[in-house]
Every structure is written in C-alpha cells, then in structure tokens.
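Visitor: Encoded as structure tokens, here's the structure I'll be asking about.
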Amino acid sequence: MAINLFKVSNFYTMRSYVSPHVPVPNVNLQSVSCSAKAELPHLRPVIKRRSANYPPTIWTYNFVQSLNNHNADVLYKEKARKLEEEVRRLINNESQEMLTTLELIDGIQRLGLAYLFEKDIKGALDRFVSMGGCHVLPRKSLHAIALSFRLLRQHGYEVYQDDFKDFMDQKGELLKCFKKDVQGILSFYEASFCNLEGEDLLEKAKTETKVYLNDLQRNSKSDTVESISHALELPLCRRMVMLEARWYIEAYNKREDSNYTLLELAKLNFNMAQSILQRDLKDMSRWWNNLGLANKLSFSRDRLMECFFWTIGMAFEPQFSSCRKGLTKVTSLITTIDDVYDVYGTLDELEVFTDAVERWDVNAVRDLPNCMQLSFLALYNTINEMAYETLKEQGEHIIPYLTKAWADLCKAFLQEARWSHSKCIPSFDDYVENGWRSASGNVILVHAYFLLGHNSKQALDSLLNYHDILRWPSVVFRLCNDLATSSDELNRGETANSISCYMFENRVSEEQAREQINKLIDKAWTKMNEYHIGATHFGEPFIEAAINVARIPQCIYRHGDDHGAPDSRSKERVWSLIIESISLVDS
C-alpha cells in the first residue's frame, strides 16, 4: 500500500481527511476556512500590482443554470440501446469484407462511439490479425493499407512501415499512380502521424502527403475539399475526441454511403452525453460560485466554462462524470494560482506562498495579502476533500502525491516569476525543463489517475517520478501554449517563453523559432505514439487521458489563447459541445 512509502509530515491532521458532511471528533483542531483576514490596510505598505486585463467571462452563472437538454440521456436510452445492438452485429459480421469492417470501426471511433464497442472492436481487430492482417486487403489499395495500419497501431498491435513499400519508388517517394488517389493520400497522411522514432518512411510521408493534399485541395470538388482542409488543419490522432465527433457527425450526414443506423446512434449518443455534461457543468458552476474566488480576485481569470471544456477533452464519456468534476476543480484552481504568480504576487510573497504549498501549512500564509490567503485556503480545502473522498471510496492515501504535484507546480511558477522579475532569459533547455512542469499537465494527470480509479503500486511510483507518460503531453501543452501566448506575455513584462529563449540563444527570427517549436511538438507526439504499444504500468483509460492532455492544447491554442482571451472560435466550440444539441429531425 502506497501509504507506507511516505513519511507523514507534521502538517497532517485529522482535518485533512474530514468530510465537511461528517461530524468532527472532539479533538483540538485548527478551523480552516476561507474567511482569513489580512492585516489592517494602514499596517501594510502599498504595493503597486500588475494587471493582465483579462476579459470577463461571457458564461454567467444564471446562463449556465438555465441550460436544459430535457434529460436526453434518459429519454433516448432505450432507443439508443437497440441501435447499439444493431451496430454491434455489424462489427461482428464475419461474412462481410474485412475492409468494410475496418471502415466501420474507423467511423465508430470518429463519431465518438468507441467506448460503447471496446470489446467488439478488439475482437474484430484480433480476427483481422489472425487472418493475416493487411495481406487479406486489396494490395493495391493505399487507403486500405493505411487505414489498417493506423487502427492497429492505435490499438497496440505490432505493425511495420514496410507495409507501405509497395506504394513507394526506389527514392522512397510515392509512386506517381497514387498521387491523384484522394482517399488513399488522406489515409496515408493520417497514418503517417502514428509513426514511431526511426520510422523514416512515415516521417517522410508526412511532408510528401501534405504537399499532395495541398495540391488536391486546390483542384478537387467541394465535398472533398472539406475533408482535406480538416485533415491539414490537424491530423486525426491529435484532435479532441468529442469535438471531432461533433464535426464528423455533420460530415458523415452528408455522405451518400453513410450507414443510417450508425449515424442515428451517433446523434442520439451525442445528445445523451451532452445532457450529462450539462448537469456536471451546473454542479461545477454552483461550486465555483460558492467558492467565491471569481468575485474576490479581480486580477484573475474567471474561466469555469473553459476549465470544464478542458475536462471534456480529458474524458467525455458518461461514466467519467466524477473525474470531470474533480478535474474542473483542479484546472480552475490552477488558473487562479497561475495568475497569483504571473500577475499579483511580489517575489517575496510568492516565496512564502510556495513554501506554504510545499509544507501544506495553513499557518504559513497568515501574513500574506487576503487574496493570496483565499487562494491557498481554496486549494487546501478542495484538495484535502478530494483526498478524503479517495480514502473513503478507494482506501488509498493520496495526499503525498497530490501535494507533491502542487508543490512542484508552484516551484515552477516561482522560477518563472524569478526570471520575470530579474528580466532574465534562461537557456532554452532550462526553460523547457521548467516549462513542462509549469504547464500543469502533470498536476492534472496526477489527479486524473486517482479520479479514474485504477491504481497499482508500480504506477504510483511512476507518478512520483513523473513518468514520460506525464512528461511528453506536458511538453506539448507548454509549447502549444507558448506559440499562442508569447506576445501577450512579453507585453506583461514576462521575458521567458520557449520562443524568446530559442530566438535569443540561437540568434534566429521569430518565424524560425516557431518552426523549431513545431518540430519539437512533432517529436513529443512521436514519443507518445509508443504509449499504446509499449509496456507501461498504467491502464488504457489513463493512457488515453494522458494523450488527451496533449490533444486539448492543440485545439484551444490553435488560433490564439482561448483560455486567457476566449474569442468567437472558442465560443463556437463550447456552444457546439455543451449547449447546442444535434437535430434529430432526420433520424
């Protein structure tokens, strides 16, 4: 049991694990609340505070509470169950062509239905492999070979880039006869992003197929152009699953060869999932409103909706409601505390705050400004309550894991504050080594691990040591964030981000630095592609959550800072996933 691995610090008291709804034993405990008072104003020197001028939230409490999907998850449950059985029969139909089955599986995944058919999909892929894999497919079909390669690799089967050699010439370039094969090129392009380190053929295919797709985009019919543009914007394996499902339902609806049963199930399932998301969001909106930080901390971002959107990217499936709620609390607190470090606190105050988090000691913040006390106590009470629930439900003592993650995050925030205050530009390597921690992906994933409820001794040890499964998604998170926010950060006086550090160290232009950052993002994704096939101590739900930590910033930072300064694109994404249901008129 992990509890034996750690020395329990003297800050640990009964209060840490007492639920607010359970009577407290009659012992002498310090009362912890968010009513801490700072010194009287005339005793505290006036400090000029910065302002980031973050725009207010557009998603008001009253608006969120007014959302109503009419309990779609209950209303359509029986109809969806019958459709699900029909689709299951299609997957398990051994008399149909294997390519048809693979295309069905691909459609199921893109429509956000894979979690309903996990065993059936595995059974179908096992059957495909036992039959000879790609050797039972049409050998001259680039689409068939590429699709099978992508699906098998994503599901952890051994496949090799040599499967594509029949389509390449002696120079390693695509044979001319395939260069006008739109479906084949699209499938090969998507498959190439599932490459592992050392797979040069696939690495080269990324660039080559992109050139062909750009050419095809200029000379193809309108219905094909939409699919090509979508793929070129971001490859499928890097997209948020539910956001892709929303887009693909509309695209699939336009296809002449669409399967009516599958399409109807996808629409019902989306609306049912959305109904659950709305209830989760309402719960979190009440929590955030009662916490009161948005009203008390005028300098900080009020981003409850954006934080909840994050959690949909992490785990959208209905069974992960508790996980979404927990992660909404975590990401909301990360946003607040990030602003304490970036905008509000003096360096001396931040040193004290960091020490308090590391010691997990409420007494350590008593001399800090009121808003910093509120921030710490909100963190302290929320995380202790989450730890209490985990101990109660799972019997797992997780305070050491959670507090270490928060302490390491605050240390990384503090390092960035030191660079900013001293106008220091660190080396690129030093920045990235600190930056993947300050991105907060590791904190989110440590909490997600326990919220998903699959614990093992070896995995717990890996959490403490920040296994690569936490590191590489966090690298993508950091670099995507920097690509979107570097200009605003420099305007606030922050000197260190990956772009400025790379420019300064290598004496290159901003354009060249951005190009290099994108290459590093690709490299990180190549590392992550190993998660599905490499032996790890983590279960598939957590592996998928880790990859999702990298998918989300690829979405929200694609065209700007959708977290700090949400724009119309951000609003449209929220609207399409959480607010606007899919019309069932055609169903």
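Every residue, even glycine, has its Cβ placed from backbone N, Cα and C.
What Swiss-Prot records for this protein is below:
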{"type": "BINDING", "residues": "ASP338, ASP342", "note": "Mg(2+) 1 binding site"}
{"type": "BINDING", "residues": "ASP338, ASP342", "note": "Mg(2+) 2 binding site"}
{"type": "MOTIF", "residues": "338-342", "note": "motif 'DDXXD motif'"}
{"type": "BINDING", "residues": "GLU489", "note": "Mg(2+) 3 binding site"}
Visitor: Which residues, given as numbers and ranges, are at least 6 beyond the ends of the motif 'DDXXD motif' (338-342) yet have a Cβ under 8 Å from it?
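Guide: That would be 52, 54, 297, 299-301, 350, 353, 371-372, 375, 410, 413-414, 416-417, 420, 440, 492, 494.
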Visitor: Quick check on the motif 'DDXXD motif' (338-342): DSSP residue counts for helix, strand, coil, in that order please.
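Guide: Secondary-structure composition of the motif 'DDXXD motif' (338-342): 5 helix, 0 strand, 0 coil.
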Visitor: Looking only at the motif 'DDXXD motif' (338-342), what is the mean pLDDT?
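Guide: The predicted confidence over the motif 'DDXXD motif' (338-342), as a mean pLDDT, is 96.
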Visitor: What count of other C-beta atoms do you get within 10 angstroms of the C-beta of ASP338 (Mg(2+) 1 binding site), across all chains shown?
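Guide: Result for ASP338 (Mg(2+) 1 binding site): 21 neighbouring Cβ atoms inside 10 Å.
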